[in-house]
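Student: Shown below is the structure under consideration.
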């Protein structure tokens with residue numbers, strides 16, 4: 001592919017009178033451009049095994065794509081092919097969460113395969129906190145054994161005990177060829193508001209990157225790469241506001257495919273949408289150029305960008321594209337062998353039958369309506385704490401569910417994939433006023449214009465979506481064991497069971513942090529598995545009573561179907 005050049009197409013020669021700092025990074029008098037090849041992946045999300053085009057389990061071997069064996073074969077090939085152009089392999093985070101491999105084997109399998117081909121640097125994604133800092137710490141410890149550096153400039157531990165011994169740097173300086181290359185990490189600023197980060201918080205990523213870049217400049221580092229898990233929009237903003245100090249942003253989080261539309265290279269035309277050129281180019285007022293890359297997600301692509309720098313660290317030209325991991329891409333034989341015992345363990349654990357369901361446990365409707373999967377999980381939550389003296393209500397937000405469960409056998413794997421996010425099931429004492437407020441909040445639109453409709457047990461809710469936000473709940477009744485209903489009293493204290501994610505006030509449910517006497521319970525998937533085992537059959541009779549009635553729905557209609565998706569969009 002022809003080199004893309006900006007400004008006038010000439011060879012830029014550095015001044016002989018180079019500043020002392022620049023001279024240390026680039027030998028005095030050197031005229032040739034310095035090539036740096038960035039090989040990058042992001043948002044793997046536990047796709048260790050090959051997948052279909054939709055990044056789900058592949059059942060037809062002739063159509064399988066992606067998988068860590070293809071990804072690693074390609075990275076090794078690129079490192080060899082571009083060995084004279086100073087290759088760096090970067091991982092932009094979110095290696096956790098997304099398949100049964102992670103749900104059953106967690107950090108163990110993730111660390112194992114990351115260590116199989118160590119990146120030169122990596123950052124953390126928000127999903128690395130899905131099982132709290134306690135679930136992250138052993139993963140980092142394993143990577144540190146292989147001296148794999150983890151960089152996040154805007155992460156503050158704040159004394160988080162689980163990460164006390166973890167080495168998370170703000171940046172790292174790598175000696176590449178005869179130059180110094182600084183790699184700064186950045187993570188989505190609001191991660192601590194949407195993930196289980198414990199005491200860890202994330203500061204403003206732009207301010208943190210600027211500050212760290214200034215420190216690197218003082219150390220005579222004039223090529224700076226930002227390894228970002230902030231999303232494409234965040235990366236564009238970063239380039240605008242900190243671009244005078246940085247050169248390339250290797251991105252993640254938004255699962256964006258960047259590719260020049262006129263590039264004659266393969267990509268998934270059926271399921272992937274091109275969101276911009278590879279790379280996106282941001283030109284600063286001082287003629288400084290910043291390049292932004294990203295390589296979709298789920299191991300479907302490996303990005304490769306070769307950038308030529310002059311002796312002052314200015315981008316001169318670039319060339320590259322994301323390589324599609326289609327079925328024709330070879331798989332690394334050694335990695336395939338390493339996958340076999342892990343695959344067998346996932347299959348053994350995942351296929352164990354724990355019960356059956358007579359109804360379709362619908363997940364797609366949960367954002368907009370009462371859904372059968374939500375009913376089941378809320379019932380499991382309430383049952384966890386129900387005894388002769390306590391009969392709690394339960395409330396689960398719609399975003400807590402991932403996969404539906406079809407009629408028939410329910411396996412360990414299906415249950416875990418339905419509720420994979422690793423919240424503990426906690427009980428709090430909460431005022432009726434705060435419970436009302438929390439359920440009302442579930443009928444407000446989030447940043448992606450979705451509701452987070454409350455899925456409840458032991459309650460009957462009526463909401464009118466034609467009303468103003470936070471005035472939409474019209475009534476809440478507490479439903480006793482015998483089915484008797486009594487109106488919720490705002491001045492009364494109730495036992496309420498919620499996921500720890502909500503008890504921590506995430507997703508805007510700050511009112512739930514007012515809960516007292518908090519009891520921390522087992523993982524949500526474990527609670528669901530035990531409840532299904534206890535009942536054995538998830539019968540239609542469990543879903544006869546309407547729990548959440550929504551009036552004047554603005555986006556569609558809600559049915560009470562037990563055999564198919566309940567929500568029908570307009």
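Glycine too: its Cβ is placed from the backbone N, Cα and C atoms.
Feature list, courtesy of Swiss-Prot:
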BINDING   43, 45, 94  divalent metal cation 1 binding site
BINDING   43, 94, 126, 229, 253  divalent metal cation 2 binding site
BINDING   367, 402, 507  AMP binding site
CARBOHYD  108  N-linked glycosylation site
CARBOHYD  287  N-linked glycosylation site
CARBOHYD  326  N-linked glycosylation site
CARBOHYD  387  N-linked glycosylation site
CARBOHYD  552  N-linked glycosylation site
CARBOHYD  555  N-linked glycosylation site
SIGNAL    1-23  signal peptide
SITE      127  site 'Transition state stabilizer'
SITE      130  site 'Transition state stabilizer'
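Show me how these features fit into the shown structure, please.
Tutor: There are 25 other Cβ atoms within 10 Å of the Cβ belonging to residue 94 (divalent metal cation 1 binding site).
Around residue 229 (divalent metal cation 2 binding site), a 10 Å sphere centred on its CB holds 30 further CB atoms from the protein chains shown.
For residue 507 (AMP binding site), the count of additional Cβ atoms within 10 Å of its Cβ stands at 19 [all protein chains shown].
When Cβ atoms from all protein chains are considered, those within 10 Å of residue 108 (N-linked glycosylation site) total 13, not counting its own.
There are 9 other CB atoms within 10 A of the CB of residue 287 (N-linked glycosylation site), with all protein chains counted.
Sequence-distant neighbours of residue 326 (N-linked glycosylation site) (same chain, six or more apart, CB under 8 Å from its CB) are 65, 266, 268, listed in sequence order.
When secondary structure is read from DSSP and collapsed to three states, residue 387 (N-linked glycosylation site) falls in the coil class. Non-local contacts of residue 387 (N-linked glycosylation site) by the CB criterion (under 8 A, 6+ apart in sequence, same chain) are absent.
Residues near residue 552 (N-linked glycosylation site) in space but far in sequence (CB under 8 A, at least 6 apart, same chain), listed by position: 464, 465, 466. In the three-state DSSP scheme, residue 552 (N-linked glycosylation site) is classed as coil.
A simple way to gauge crowding: the CB of residue 555 (N-linked glycosylation site) has 15 other CB atoms within 10 angstroms, across all the protein chains here.
In the three-state DSSP scheme, residue 127 (site 'Transition state stabilizer') falls into the helix class.
Long-range Cβ neighbours of residue 130 (site 'Transition state stabilizer') (same chain, at least 6 residues apart, Cβ-Cβ under 8 Å): 96, 97, 195, 196, 421, 422.
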Student: Starting from the Cα of residue 126 (divalent metal cation 2 binding site), work out which of the recorded positions (94, 108, 367, 402) are within 10 Å.
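Tutor: Close recorded positions: 94.
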Student: In whole Å, note down how far the CA of residue 253 (divalent metal cation 2 binding site) lies from the CA of residue 507 (AMP binding site).
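Tutor: The Cα atom of residue 507 (AMP binding site) is 18 Å away from the Cα atom of residue 253 (divalent metal cation 2 binding site).
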Student: Record lists 367, 402, 507 as binding AMP; longest Cα-Cα distance in Å?
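Tutor: Max span of the AMP binding residues, Cα based, is 16 Å.
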Student: Roughly how many Å separate the Cα of residue 45 (divalent metal cation 1 binding site) from that of residue 127 (site 'Transition state stabilizer'), to the nearest whole number?
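Tutor: Checking the Cα atoms of residue 45 (divalent metal cation 1 binding site) and residue 127 (site 'Transition state stabilizer') gives a distance of 8 Å.
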Student: Calculate the distance in Å between the alpha carbons (Cα) of residue 229 (divalent metal cation 2 binding site) and residue 94 (divalent metal cation 1 binding site), and round it to a whole number.
Tutor: 8
Student: Check the Cα distances from residue 43 (divalent metal cation 1 binding site) to each of the recorded positions 127, 402, 555 and keep only the ones within 10 Å.
Tutor: 127
